[in-house]
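According to TrEMBL, the features are:
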BINDING   ASN11, ASN78, GLY88, ASN89, ASN163, ASN198, GLU216, ARG217, GLY226, THR227  substrate binding site
ACT_SITE  CYS87  active site, proton donor
ACT_SITE  CYS87  active site
ACT_SITE  CYS225  active site, proton acceptor
Amino acid sequence: MDFSKGHGTENDFVILPDPEVRISLEPKRVAALCDRRRGLGADGVLRVARAGALVDAGVLPALPEGTAADDWFMDYRNADGSIAEMCGNGVRVFAHFVTAGGLESRDAFVVGSRAGGKPVQVHSADATHGEVTVDMGVVRELGESTATIEGRVYRGLGIDVGNPHLACVDPHLTAATLAALDLSGPGFDPGFFPQGVNIEFLTPIAAGAVDMRVYERGVGETRSCGTGTVAAAAAALRFDGADSGTVRVHVPGGAVQVRIEDGRAALRGPSVLVASGTIGDHWWDGLD
Ligand SMILES: N[C@@H](CCC[C@H](N)C(=O)O)C(=O)O
């Protein structure tokens, strides 16, 4: 089974090209693959296939909105094997992978996700480095909620960008105090987020930029989360009383740019393809 490994601002993925949709991605297999000691190690898995093939194979019940049968589809799984609707860093890496690998010749096309079709613009894509903008679509505010770290309560804004987020802008945070937070398992209100939630902690906007860390549903702390940067930018703008603007979001793994206008977001950032290889059949089959 062929694989590639890539990352977007160090949010890393095992990429599985699977045009015929033959690979069975049960949660235990995904979890083993993503395990950094037993497997290859990653925050998530990106299966690469056409949307129609995934519908035919029964992986998708129907074509998601804004996705045609011959569009690419990013079948995304979190490191614990759970399925998530959307992954902003993953879409950039996916678009880079299909372009750099010669599977796609256009520089503007749609990558389907369970949160709908996401138009991408590939600015550059060599064998290693890419730069991609993703039209992330509508940013929906869900209202206020809170997160808790070591008994301290952080107020945040619930935001849906296809998947759920709680973005906590704290005026007392600096880059240094943010770096010192214990993000091993922040508390949240399960009544507000019954499907779980990705939680961002960030500084307010200064000189057009914020510093952010994230705890991802189904993964734990990661070094970046693309949908999280969009939620963070929206919450930071709202904190300043604005509803549009461009925000540079610094995360432990790098930086991306988020533009929010008319309630929609565009995410621009890098992608890196690190390696390609073969997963041993014996190991994979032994996971049964
Ligand atoms: N890292 C991703 C988000 C992946 C999904 C998330 N953990 C969830 O369960 O919603 C990103 O870059 O957006």
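Note that Cβ sites are derived from N, Cα and C of the backbone, with glycine treated the same way.
When the Cα atoms are compared, the residue listed as 'active site, proton acceptor' and ASN11 (substrate binding site) turn out to be 7 Å apart. Neighbouring residues of the recorded substrate site, listed in sequence order and excluding ASN11, ASN78, GLY88, ASN89, ASN163, ASN198, GLU216, ARG217, GLY226, THR227, comprise GLY44, ALA84, MET86, CYS87, GLY90, VAL214, VAL219, THR222, CYS225, GLY228 (Cβ within 8 Å of the Cβ centroid). Of all Cβ atoms in the protein chains displayed, 35 besides its own lie within 10 Å of the Cβ of CYS225 (active site, proton acceptor).
Secondary structure from DSSP puts ASN11 (substrate binding site) in a beta strand.
Less than 8 angstroms from the CB of GLY226 (substrate binding site) sit GLY8, THR9, ASN11, CYS87, GLY88, ASN89, GLY90, VAL91, ARG92, VAL134, MET136, VAL256, LEU267, GLY269, each of them six or more residues away in the same chain. When every Cα pair among ASN11, ASN78, GLY88, ASN89, ASN163, ASN198, GLU216, ARG217, GLY226, THR227 is compared, the largest distance found for this substrate site is 16 Å. For ASN163 (substrate binding site), the same-chain residues that are 6 or more apart in sequence and have a Cβ closer than 8 Å to its Cβ are ALA84, GLU85, MET86, CYS87, ALA115, ASN198, ARG217, THR227.
Around GLU216 (substrate binding site), the C-beta neighbours below 8 angstroms that are at least 6 residues distant in the chain are ASP43, ASN78, ASN198, THR222, CYS225, GLY228.
In the three-state DSSP scheme, ASN163 (substrate binding site) falls into the coil class. Taken residue by residue with DSSP, the residue listed as 'active site, proton donor' is part of neither helix nor strand, so it is coil.
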